Amino acid sequence: MIAVGAAVVIVAVLLTVIFKTAGGNLDVVGKESITSFESILKAVPDKVTADQTNAGWSLAAPDGSVRFIWSEDYSKSPLHDVMLEFDAEPFVNAGLDKSKLPKNYAAYDEMLMVGTKLGNNKLTYKGDPTPLAAYEQIVGKYRSSIGYHTALDHYNVNLGNGNLFEWAKDMKINKSTNENQDKDIVFVLNPEPLIAAGVNPDKVKGWVYTTVKVDIDGKPTDVYKFLKPFNLQ
Amino acid sequence: MDSQVLSIRGMTCAACAQRIEKTVRKLSGIGQATVNLASEKLFVEYDDSVVQLTAIKEAVAKIGYEVVEKTDNSSVTIPIGGMTCAACAQRVERAIKKVDGVTSASVNFATEKATVVYEPQKARLSSVREAIEKAGYKALEINKADAADEDRKRKQKEIRILWTKFIVSAMFSVPLLYIAMVPMIKVIRLPFPAGLDPMQFSLIYALAELMLVIPVIGVGYKFYTIGFKSLWQRSPNMDSLIAIGTTAAVLYSIYNTWQIAQGNFKAVEHLYFETAGVIITLILLGKTLEAVSKGRTSEAIKKLMGLAPKTAIIMQDGMEKEIPIDEVEIGDILVVKPGAKIPVDGTVLEGHTAIDESMLTGESMPVDKKAGDPVYTASLNTTGTIQFKAEKIGSDTALAQIIKLVEDAQGSKAPIAQMADIVSGYFVPVVSMIALLGGIVWYFATGGNLEFALTIFISILVIACPCALGLATPTAIMVGTGKGAENGILIKGGEALETAHKINTIIFDKTGTITEGKPAVTDVLPADGIEKEYLLRITASAEKGSEHPLGQAIVHGAENAGLKLLSVENFESLTGRGIEAKINGRAVLAGNRKLMDERGISLVTLENASDKLAGEGKTPMYVALDGKLSGIVAVADVVKQSSQAAIESLHKMGIEVAMITGDNKKTAAAIAKQVGIDRVLAEVLPQDKSNEVKKLQAEGRKVAMVGDGINDAPALAQADIGIAIGSGTDVAMESADIVLMRSDLMDVPTAIQLSKKTIRNIKQNLFWAFGYNVIGIPIAAGVLYLFGGPLLNPIFAAAAMSLSSVSVLTNALRLKRFKAATRKNREVST
């Protein structure tokens, strides 16, 4: 009985230590993603702006060619709740026929938008909604849209159909490789619908067409992507 | 020196057995200490004046093993009738306690049962029952649990517990393995709970694995308690290897879980909870199968124990009454009806029947029994009702003696086990060192890859299997000796079993061994002036005092001829030569040629007749009256039907067969020719038989001696293997290494074949046990990986380790299929 008691105590202490270390939240990926997303927002405050059209906030790339937009109220966001908006020109020049784009794409004013609808509910906030609070709503209510990319030591928001917005867990170092982190934010497009719409991927300027290792259903898989990485520091 | 066999619990591998042996041997006053891992028994010889049995038990308990107490006291549960209240229970209890020899009594009113512990030497169950009856209550049928049942129940319980542990362990480790492996499987997409996605919910995933492995560790706690305790006491065993390996895996995984909690999600790729869980589960499975197989190795004993009937019909006041077997006392008159088993050993008083003794002797033909004939426990009465007097009960019966003999043999060690014992003693520490060294070397070789080093470390610890080494010999001996007992061949120990397979020369005693041992008078040849009838009468009268079979044959011959024997004034037995007597004032000398030569009596007149008789295989007995040859009485024994076939079988096995006899050379040669004997040792005095054995041994031969008489005992003891045949004397059986329950010589080649097969089985077991470790450990150490091959996963190492023990046991159990290869010959010859 003493041994059983001791074993129970050890297990209880062990779980408590782990739980405490995790800050009382077992969803460490979700929790840590909020912390790191906040770091990104703080790193480029001038690039974070309200987006009235999409009822949310946007984080623009340093060159302004692409934005990650996330809604603060899904009942008001017209098209998508999380999305990328980017210049159409490089793709048009590479042969894009906009009329052939699938339904999750929108084309307007020389811009393309791709994303996904997470829900239709009105999101509520303690106080005024902020860019970070709007992101926290995704973690809290649509947790499966948040992922962790082991190879790049990145978090990501899944924009649907293989499109992602990724940011570094730590802007200084990639802990997977122990190398300097030079890709603080990465805009990721699935090339397949674009290629199907006439784009010659090798002729797209400003985007890197390459294979990346992504986790599909938990399995690391090599897939082609259009990438636009930025080092914010 | 006293000796004891103690049941030990808690041993898991050969290292445990070694440890117990070493610990006990360290005590002063210990003569011998051997542990049989398979039967879980410690055989200890000790000097009672130097060391007490309690000290031995304490020493064993101190190193973490349990000595199962076998008290001298007996315990029974007696159902009580007629109790109406708690006060009745009190009254019954007091009444029982008053019986001299009762150490404790407890009466449960609710169950209406009394549990009584008593000293059988002092108290009889009947007196306990009487006390209950006197108190005014009814003592109903008594249920006395016997030791065999207890042992069987204990083993069944052990198997049940192990099986339950395995099931519980599997219930947790299968889902653990599933969630650990599915995310890594790229080929097919298996269903997987999104909430456990290791990349999304790393900590939850890790904690789920941790929560699943905890119950597995819980059910396998003994690996840790025993393993670490042994390690602490510097005598690590198999449990230590499992404990170190799985603890390393769990601790490293817990560290990585903590890393995940800190935000290092990549650590989710370095969880090894499933390795620990599956290893424990597989080892538990192996242990369960091992326990089942071990149980099967001692089935022969269980069969023997199960033969004894539970009740007997006793004659009391002219009435038949059925009583439990434990209540039968020496001198009781028992009744056995057709179809019933003989409850205890005794002698028939009334009735005539045929009794099937095959369960004891293997002899299929029922034996006729009449008044004065002995009957044995567990033999089956087939035709008539008999009354017999109980003479041997409990542990004194022939059945109990056989069981003890087989049990002792099964608990003994064969010399071939020595190598395995030596290796087992060093095995675990050496393997631990190899594992540590392997881990360190690979850590540096891979540029500090801790996971790789850990995998090597765990794999080596887990794949190493001292169990297979420890089980290789005893299991085969258990099955081999058990199989022998089933065939009426009692092999007294592992050493005898091993030596028997090396035998290249067998010496058979003639009378009673090759021949039936029931000689009869065939010819009476009087000298001139002597009447045939007178010669037979005076010779028989002189031989009346002789116990020699030939002498008795002459007495029977005279009796059968209706001759009245004369009174003898003086009688002297002349060992190995004959007898001397004085009858009606005449000096009578009857014996062999040697005797006549000694006394200077000329045999010339009957020389030709004597030679002729001897040439026919008959033994001529010279008779001299008043110093003058007066005739020959020839006696011949019938050769056993199986003798020739047995000798043929031995020849086929490449064994030279010799015959030893005190008979004259010509008679011996004639018998030898009849049955195909290679070498004849004739005219050998009883005291010289062992010298003849020595002579053959001096030629470098491994000699077995087969005999049945008291005079064979020294030769049986001198031979490398003494084989006593069942129709013989207790002294011969005592001196022998192998006892044949029946008088069939075909059992000699069968015993040798069984020995050969058992030793071959042991060698196979040792080969696999050694080979498995010799191959397994380098593979686990990454030797194949070094040359571009695969790296052994610790889970597969655990599976292989479990299978190694099971495969050794399964191989040993193959011996159960042993059939006397010579059986066909026997059937043909009979």
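The first residue you see is number 1, and the count goes up from there.
Cβ atoms are placed via backbone N, Cα and C, with glycine included.
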Would you please say which range out of B:50-69, B:270-289 has the annotation transmembrane segment in TrEMBL?
B:270-289
Any chance you could find the range in B:201-221, B:426-446, B:766-788, B:794-813 with the most Cβ pairs under 8 Å to the transmembrane segment (B:270-289)?
B:794-813
Would the transmembrane segment (B:766-788) count as touching the transmembrane segment (B:162-181), if touching means at least three Cβ pairs under 8 Å and pairs must be 6 or more apart in sequence?
no
Any contact, the transmembrane segment (B:452-473) to the transmembrane segment (B:201-221), with at least 3 Cβ pairs under 8 A
no
Could you give the residue numbers and ranges of same-chain residues that sit at least 6 residues beyond the transmembrane segment (B:162-181) on either side and whose C-beta is under 8 angstroms from one of its C-beta atoms?
190, 192-193, 196, 205, 208-209, 212-213, 215-216, 219-220, 271, 273-274, 277-278, 280-281, 284-285, 287-288, 291, 795
Considering every residue in the domain 'HMA' (B:74-140), what is the mean pLDDT value?
77
Leading contact stretch, B:201-221, B:426-446, B:794-813 vs the transmembrane segment (B:241-258) - CB distance under 8 Å:
B:201-221
Which residue counts does DSSP give the domain 'HMA' (B:74-140) for helix, strand and coil?
22 helix, 23 strand, 22 coil
